[in-house]
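For reference, the structure discussed in these notes is given below.
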Amino acid sequence: MFPVPVNETARLADLRRLAIIDTPPQPHFDAVCRLACDLFAVPIATIGFVEADRQWFKASCGLASEGSSRADAFCAHTILSDAPLIVPDAAADPRFADTPLVRAEPHIRFYAGVPLALRPGLRIGTLCLIDTVPRTVSPEQVERLRDLGAIVVAHLHLHESANVHAAELAAQRRNADALARANRALAEREADLRATKDLLRDTIDRMDQGLVVLDAGQRVRVANARMADLLALPPARLQAGATLADLRHDRGEPGDGLTLPPGLCTPPEDGAAPPPVIDWPRPDGAVLEVRRSPLPDGGSVVVCSDVTEHRLAARAIQASERTFRLLAEHTTDIIIWSDLTTARRYVSPSAAAVLGYEPEALLGTRPLDFVHPGEADAYAGILEDLTAGRLARALTTQRYRHRDGHWVWLEISFCLTHDAATGRPDGYVASLRDISERRAMEEALRESDARYRALVEQQLRQAQAHADFTAATSAAILGQLAEGVIVTDRDGRIILVNNAAATIHGTARLDVAPDAYSETYHLFREDGRPYPPEALPLARAVRGEVVREACWLIRRPDGTEIRAVGNAQPLFGASAEQIGAVLTLRDDTARAAAEQSLRDLNATLSERVARRTGEVEAARALAEAASRAKTDFLAAMSHEIRTPLNGVIGYADLLNEEPDLSAAARLHAERIRSAGSALLTIVNDILDFSKIEAGRVEIQAEPFRVSALIEGAFAIVRGSAEAKGLAVNVTLASEVPGWVSGDKARLRQVLLNLLNNAIKFTHRGWVDLSVGASAGPEGQVRLRFAVSDTGVGVPEGRRDRLFQRFSQADASISRDFGGTGLGLAISKSLVDLMAGSIGFDSTEGQGSRFWFEVPLPIVPEDACPDEASAAPVIRTNRRLLLAEDVPLNQDLACLILRAAGHHVDVAGDGAEAVAAVRSKAYDLVLMDVQMPGVDGITATRQIRALDGAAGRVPIVALTANVLPRQVAALRATGMDGHVGKPFRKDALLAAVEHWALRPMAGAARPSIDRIVYEETSSLVGPERMRDMLAMLAEELGQRFGPESVAHHRERIAEDAHAMISATSMIGFSSLSESCREVEEACRSDGAYEHRFEALRARAAETIAEIAALRAA
């Protein structure tokens, strides 16, 4: 017995819904099995489904069997749980040791299976691995097996979706078939109705009786020729609209021999209703039976029959037996119309009385289904001759089966019918008369006639009402149309003109022959030439053409000219034959004049806009020139100051590190370093404020520890405070969270400014820093930093200018303490950018308290970064090339780098640097920008043009050019990063470690330079950066993506060149190098194919990284 899941019934139902059992093999399932065998190095892999009593394999690799008994299947145990089933040694597992699959072929020893479930808990099958030797699996292998199982489940979902889609398509096809059948049935009913109408008209015309339908005014509506014959009148006298009163006047003179029965056509004078049936003896001895049937609208149906012979026969048989007389009086006929297949399309109601069948029950049936078997062959012969056209009429006597089973003798008269349009036979009319009940047959015919008359009257009324409505509607619509309408018949004769068309032509009515239309109304082309009649839009439409938006001029009778625009097209009838043409036209004179006025106005406005645009462009160019001049001045000032400061600060730091330096010399070195740092602070403040004014400062957000921010700031200012003998205290409130997210560098900049100011303006006493927090919106905290001191304080009259640029509380302060007055202005701008606030309280002579608050998101403990793992690992023994023309800077950089364990070669200019890189392999090149002869930018370009690894060596600019625009320009030339002058020892060593090409563990060079990326993002803003990334990804896909078309060498060189600067500016330096290599190979006629393939692969990686950056 095998184990069964608790939800076995639902599980089996889910498996049946999948409809996959016993289906043919499918390649994607077989591919998964082969992949599993290769991935896990097992001989057997299967995808199986567990049915009620068996296990069936949808796919297998290494196993010929299609399944097994469920009692023997390992998979019966696997589906009991969502966890994988691992059996390292089946021979040692009591559940499987005695099963045939272990003891015999395939001798299973190892089994690993994962359940397959389309819905939670309903495990319908397994993906399993089988080996004939014991094995173990690692957790990683189990996860890979789960991944393969997820792939199989995904294919099962696709299979299920395909089944649902197929079912929906089948349902749609069934619905379409049902709709088609309904349309065919409707067409058949319409055909039956037409046949009935034709039969009615044919029956009326073929009636042996005369028939006339009168309206309430005794005017003729419908009359047949038999009626005119019985009244001895020409048929034209009984046309629709004639009155019987006129007939009496015309034929009522003495001696004419015709008088109409009194009271038949007009009510008697006493108001009594006329008798329904009147025998009217004619002067010639004939007897006419006149029957009048009133209609609901006051009209009547008059039927006149020549009953002379009937009356004579009646008198002759008066002595006959009463039974025969009664039988003759109640005889009735059945009228049937059938098509040429003998299928009945119409059956008269008398069939119910004669045969016991309702007419609807006989529709679609064939007569041979009711004829007596002994007479069927003769009846079939008559029908065959009739439908083949060999007989026009036939008369026979047959026995028909009554509904209750007995046989009824009928006299059947056949008459072939013809299509009115083609004259071809389209069916036949059969008249079935019950020989034993003739009178009943006659009554049925009278009832049938009444129904026919009512139907004709109803159809006549409906047709007349529809015609009246159509005429009234058409006239109203044409009268209300603003456009003119002219209609012609198929020969071009004008048959309809509405009021608007006559008004456009300047006349009350447009009454002219078509051939004279152009000359009569003086129609001209727009160029002034007369419009030929045969070229007019209406004439062309009569010839079958469609004319759209034709233009012509009309000279009205009063001499005015208008511009007309019109459309013309042919008119087609129901048979798709052209029956005429229609022209619609409108007076376009006002619109054309308005358009011309609008064009003149547009021209005037365009001239004004162009003039104003030129003025604005000139003003903008002037402003941009001023901005560029300011930027160039700042760049030049920064470069000229930073270059000497590099030596001042660098050598001061090196002196302070000398262990045997005297106290006096150390004090002097510290003062040199302090003075240099102060000057560097001034330069940095000016540059920072310039970036703030330009709106190029972006606030970053990254997790940091609040205590680390405070410790770092105090580590910087502690020396200055201790040198002045000031006590420094820190208070960190308990409510301050451990980690927050924000711009740590900008917060440190503001905090350092406040701390440095407090130390600078305090001669004795203390400086305190307190950090507190208050609750903000959910997930945020509002941090408050407050710096208090016992310094000089701020005078009352100077406080309003404290946060203004280049402003201090007193001019004497600048002389006593130094500074530019930009520090607090920069701090306020940075705090404003962080959505915070800044302020102060002060008492002159007693001290000040400066504070700022910023809202920051709290970082949960589990999301805090691992500071230990993030600590940099300093590596030594790098091969470095220093390109620097200033000996002072050469010595300083070499001292720092060699002290850190690096090997340094020095090049005095760009040419020497290129020669050194060409002859020797370096991990990194530190390149000064402004050098005599070949400068750093030119040298970088020449190095990038070198083949192989030399052209890919990292190059870091060592320059005093630190403005964002300058740094971006350096990236575009091929430099990977930059270190600003004056450089600090830690910054220089960090740059070397970041960019050197010899990783300790062979780690791959990063695909994006985060420093470059963040600097560019800060320069252009996050939104613009996302747009730039999107455009770069699109360009890379079009030029180097898998769908891109392989181009010739020149086109590839152009594409690669176009991407060098774009990728470098954003930070994708390795991709930029690949583009440069491909371009050089293409332009030097060298082999480029393998480089181009590597470039395409790197472009694909970059596109994926861009997607991740944009989603972050």
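Just so it is clear, glycine is given a Cβ too, placed from its N, Cα and C backbone atoms.
As the structure is a computational prediction, the values presented were derived from the model and not from experiment.
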TrEMBL annotation (coiled coil) - matching range among 76-106, 169-199, 727-757: 169-199
Cβ contacts of D928 (4-aspartylphosphate) (under 8 Å, same chain, 6 or more positions away): A883, E884, D885, V886, N889, G936, A957, L958, T959
The correct DSSP tally for the domain 'PAC' (548-600) reads 12 helix, 30 strand, 11 coil
PLDDT averaged over the residues of the coiled coil (169-199): 85
